[in-house]
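What TrEMBL lists as compositional bias 'Polar residues' is 74-84. Annotated domain 'MH1' per TrEMBL: 1-48, in sequence order. TrEMBL lists 104-270 with the feature domain 'MH2'. The region 'Disordered' annotation in TrEMBL covers 74-97.
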Amino acid sequence: GKLFRWPDLQHPAELKPLCQCQSFGVADGPTVCCNPYHFSRLCGPESPPPPYSRLSPNDEQKPLDLSDSTLSYTETEATNSPNVTPGDFSDASTSPDAVKRSHWCNVAYWEHRTRVGRLYTVYEQSVSIFYDLPQGNGFCLGQLNLDNRSETVRRTRSKIGYGILLSKEPDGVWAYNRSEHPIFVNSPTLDIPNCRTLIGRKVMPGYSIKVFDYEKSCLLQHTAELDYADGPYDPNSVRISFAKGWGPCYSRQFITSCPCWLEILLSNNR
């Protein structure tokens with residue numbers, strides 16, 4: 001990794017393997033992957049933290065804690081992987097083998113306040129959500145038709161490209177930005193507890209972030225004060241906007257003002 005990608009890399013603990021690699025999660029396996037493009041890089045907090053960050057100004061002086069699972073990762077697409085070929089992709093939600101298994105999430109695609117297309121059910125451990133043709137199983141947003149789309153929506157849809165990769169891993173759900181534009185994410189486990197303002201995290205191209213933490217979610221559901229919830233609140237949902245942010249630091253105060261966004265509805269089946 002240091003030779004081919006990151007000259008400033010100092011320790012293997014700064015790296016995390018991509019979920020598509022066959023060596024992912026295999027302890028003491030017969031082979032060890034050394035392809036630098038099958039790994040992601042752990043990033044420390046930004047300095048100074050921008051408005052969308054959950055980190056306070058005091059956090060920027062703290063040393064990087066490699067055990068902090070909420071930090072972002074820098075990742076690159078595994079398009080050169082010998083394990084992934086363009087012909088491998090199919091609709092994972094309708095395959096006969098998938099129907100026998102329980103799903104772990106449903107994905108809804110929205111344009112402003114209008115849900116477009118059907119609810120996409122995910123059975124596989126990872127799924128690509130994209131506009132253009134993917135490198136694996138996935139949900140193609142480019143095939144969803146809607147009459148009288150605004151020009152803003154059309155421009156934003158053109159920026160989705162390869163979109164995102166969602167993966168269910170033992171510690172939570174990860175989102176990897178495969179597009180060429182930033183995405184903005186929010187979930188209960190990314191928010192500051194009892195904060196009335198939703199925290200949106202900006203994820204640049206090539207980065208990934210743990211959008212949902214199962215362990216933290218269990219703690220929040222036991223300690224949450226419902227008085228702080230403004231309107232409908234789903235403790236098992238994740239919202240992801242393509243290219244456009246929302247919140248107190250943006251002209252769009254609510255995600256329903258964003259041109260193209262996803263609602264990830266997580267199942268209780270872990």
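Yeah, the Cβs are placed from backbone N, Cα and C, and that goes for glycine too.
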Mean of pLDDT values spanning the domain 'MH1' (1-48): 73
Residue counts (helix, strand, coil, in that order) that DSSP gives for the domain 'MH1' (1-48): 6 helix, 7 strand, 35 coil
